[in-house]
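Report on the structure given below.
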Amino acid sequence: MNEMSTSDFERKPIEVIKAINGLEKVVLREIYGSRVEVYLYGAHVTSWKNENGEELLFVSSKAIFKPPKPIRGGIPICFPQFSNLGPLEAHGFARNRLWTFDDDPPPFPTDATNKVFTDLILRPTKEDLKIWPHSFEYRLRIALGPGTNLMLTSRIRNTNTDGKPFTFTFAYHTYFSVSDISEVRVEGLETLDYLDNCQKRERFTEQGDSITFESEVDKIYLSTPTKIAVMDHEKKRTFVIRKDGLPDAVVWNPWDKKSKAIVDFGDEEYKYMLCVEAAAVEKPVTLKPGEEWRGRQELSIVSKKL
């Protein structure tokens, strides 16, 4: 048998399996060994591993995989409202709804060779329409490519029949796994304006050459570049975030005091995570009936070997 044995292919590139508390998840396996797991509950990516089986996302050891509680960690989807910027529950309802698995999704563009992908779809229920009276179709494509590249593409369409537009805010609330938050820095957000959630969303301008962490951080950076880097010195690894249609970037770490107040988060876990979130927050997106919005985030890793 050659190195890539038939048993490797018996494990299908895409599988839907029962997971924690009977919730279903989709497992994507790329030919060189990287993999992604996404729960139908919330269309929530909970695992992203490289070819060596190293976990790249943080999920709390206290995460509650039980509706209606959202899953703490991974990549929660914040839609149709980011944080408490509106009348809905914090971060909207997409992250605690059951999505539908599309077993016959539209094909990828021809340049997307060797990508394993799946589409999950969310449409509002009658109960959702009571709290947010807008009809929509949200198609999330999760794609895993060579080199452990993970791409999330959201397509949100206004399907209202009453002629009314709707407006929303959005974020991919990505929790990166880091070795030690005090050894991490973020590059690409220098000199930018931000809204500081720790100071009543007052607007400031970032002064440092790069962003480092020694206390609670909860900032919405505005008009950010399409590429941001999260550098983990201890692991000699850099996460690269590339984004499209998402002008803002939220940076969050709760630090010690707030961690103790979060029920589904360990007291010391703030040391091992950092959220850097591709977002559309400052200027909400408005869609007229029939219009579609697209927001894409691509995550990749660069490792420096000794």
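Keep in mind that glycine also has a Cβ here, set from the backbone N, Cα and C atoms.
Quick look at what TrEMBL annotates:
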- His173: active site (ACT_SITE)
- Glu277: active site (ACT_SITE)
Inter-residue C-alpha distance, His173 (active site) and Glu277 (active site) (nearest angstrom): 5
Least buried by Cβ count (within 10 Å) of the active-site residues His173, Glu277: His173
